[in-house]
């Protein structure tokens with residue numbers, strides 16, 4: 001008889017502005033994986049099942065079963081800077097986790113809500129959305145520190161063979177001990193994207209930080225190679241050209257579209273502000289006519 005797996009988390013609610021930042025980050029490069037940390041809170045949401053009972057001519061609702069489910073609410077994300085770029089894996093240093101915890105404490109003071117680091121995300125460019133055995137082991141390590149910790153994966157730059165169109169897939173998972181084995185296996189967690197009319201200030205700041213972080217990563221890689229003493233002049237010139245080319249590509253693929261999106265949002269906000277101002281003037285005119 002199979003032993004049922006007890007899930008530490010039953011669902012994840014990912015706010016749409018945080019989802020947007022994750023998606024932009026995942027689409028920023030198709031050569032290596034990118035990563036970040038999720039900030040939010042873990043709540044026990046009440047779930048009840050009820051049935052109707054008849055008492056004479058009255059109908060009343062009688063609770064049949066009331067329990068709670070653990071839901072991770074992700075409000076914002078922190079984009080992490082990669083010290084080592086790899087196409088098949090990412091690593092989060094203890095220093096980055098500590099800095100993210102400090103940022104979560106700052107957000108908790110601003111919002112008055114119990115914010116903390118509740119998960120991590122990374123991209124899978126050109127490969128399946130399902131976590132690798134390394135991802136599953138990494139997730140298990142994080143869950144040793146926090147049972148409510150979740151992992152998100154964004155699979156991008158993949159093409160539908162039938163329609164020849166690009167697709168982006170995402171999933172959420174945790175790790176559980178495999179039966180009759182010392183290894184871990186993944187368990188999928190339902191993830192729901194919660195719509196938002198506007199983008200929050202914290203997520204907006206994270207989106208703006210993306211080009212800066214990508215530029216810093218390129219600078220670090222260039223300085224690391226340029227510091228080697230055995231390189232000849234031609235190799236150094238070539239490396240400088242590659243560095244310049246990569247920065248220009250980032251400006252074209254990331255900074256330019258981001259700036260255009262921000263300008264469009266600003267124009268929409270200004271248009272909405274003008275409409276509200278016009279509506280206010282009309283209401284004030286009606287109010288004066290009633291006096």
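Just so it is clear, glycine is given a Cβ too, placed from its N, Cα and C backbone atoms.
Listed in Swiss-Prot:
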- 2: N-acetylalanine (MOD_RES)
- 12-179: domain 'MPN' (DOMAIN)
- 122-135: motif 'JAMM motif' (MOTIF)
- 122, 124, 135: Zn(2+) binding site (BINDING)
- 233: phosphoserine (MOD_RES)
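Mapped onto this structure are the features recorded in Swiss-Prot.
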{"residue": "122", "record": "Zn(2+) binding site", "DSSP (3 states)": "strand"}
{"residue": "135", "record": "Zn(2+) binding site", "DSSP (3 states)": "helix"}
{"residue": "233", "record": "phosphoserine", "DSSP (3 states)": "helix"}
Tertiary contacts of the motif 'JAMM motif' (122-135), as residues 6+ beyond its ends and Cβ separation under 8 Å:
25-26, 29-36, 87-90, 151-158, 169-171, 173, 183, 186
Residue 233 (phosphoserine): tally of other CB atoms within 10 A of its CB:
7
With a radius of 8 angstroms around the mean position of the C-beta atoms of 122, 124, 135, what other residues of the same chain does the Zn(2+) site pick up?
33, 89, 90, 123, 131, 132, 151, 153
Show which residues of the chain containing residue 124 (Zn(2+) binding site), separated from it by at least 6 in sequence, have their CB under 8 Å from its CB.
33, 153, 154, 155, 156
Non-local Cβ contacts of residue 122 (Zn(2+) binding site) (under 8 Å, 6 or more apart, same chain)?
33, 34, 35, 36, 90, 135, 152, 153, 154
